[in-house]
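Trainee: Mind having a look at this structure? Questions to follow.
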Amino acid sequence: MHSMEVGLVPAPAREPRLTRWLRRGSGILAHLIALGFTIFLTVLSRPGTSLFSWHPVFMALAFCLCMAEAILLFSPEHSLFFFCSRKTRIRLHWAGQTMAILCAVLGLGFIISSKIRSEMSHLVSWHSWIGALTLLATGGQALCGLCLLCPRAARVSRVARLKLYHLTCGLVVYLMATVTVLLGMYSVWFQAQIKGTAWYLCLGLPLYPALVIMHQISSSYLPRKKVEI
């Protein structure tokens, strides 16, 4: 009869160096795409030529850059601030999300003003409807994050459960923002400037950071939180 040792946990298999570098490379690429795509939309919009021209600029800053970077802050492999403490990264996360909300509000204001000046109807496309829902969900996420920042003042009793909700809903909000961006590429404004193969390339660019963020949250954080609860 073989003796069995109780309480021992087998050591996890060491990750191959190539796999580790590929994971890091995917994170770097996500940062570059988030920044590059934002710059691309800014140049394409030619800000200042009209009220509408500011709408894609601020929305790209809000969701393609600020929100993406605020989420990637917590990645152990993809964060640009991996050397900072968790407390510092939480503050940076709040700064990034605050910037995202401010830019989103400005983008919303410009599109409303443009519609009013042009005497055009509001909320007549899937892009506008999903975008409006994304803005509402972003506001809800901000309130949830505020409760986590000050749990005693908000009288939160189950912080771990609220963190899980915040993580899950945050991923949903970012995916909603990605869908809104993709729907914007079907607009007359975008298709009049970008056509053919370039249009399909642009359609795929926002999906890459979304996949990286989805993998980050689902594989490295959510399982642990479920165990804690």
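Along the chain as shown, residues are numbered 1 onward.
In case you wondered, yes, glycine gets a Cβ from its N, Cα and C as well.
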Trainee: Leu162, Phe52 - same side of the membrane according to Swiss-Prot, yes or no?
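Mentor: No, opposite sides.
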Trainee: Around His55 (heme b 1 binding site), how many other CB atoms lie within 10 A of its CB?
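Mentor: Its Cβ has 25 other Cβ atoms within 10 Å.
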Trainee: Report, as numbers and ranges, which residues of the same chain sit near the transmembrane segment (25-45): CB under 8 Å and 6 or more residues beyond its ends.
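Mentor: Non-local partners: 53-57, 60-61, 64-65, 68-69, 72, 75, 77-80, 190, 193-194, 202, 205-206, 208-209, 212-213.
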Trainee: Could you tell me the C-alpha distance between His55 (heme b 1 binding site) and His166 (heme b 2 binding site) in angstrom, no decimals?
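Mentor: Between the alpha carbons of His55 (heme b 1 binding site) and His166 (heme b 2 binding site) there are 27 Å.
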Trainee: Within 10 Å of the Cβ of His127 (heme b 1 binding site), how many other Cβ atoms can you find? Include all protein chains, please.
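Mentor: The Cβ of His127 (heme b 1 binding site) has 19 Cβ neighbours within 10 Å.
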Trainee: Can you tell me how far the Cα of His127 (heme b 1 binding site) sits from the Cα of His166 (heme b 2 binding site), in Å?
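Mentor: Here the two Cα atoms lie 25 Å apart.
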Trainee: With contact taken as 3 or more Cβ pairs under 8 angstroms (pairs 6 or more apart in sequence), are the transmembrane segment (194-214) and the transmembrane segment (92-112) in contact?
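Mentor: Not in contact, no.
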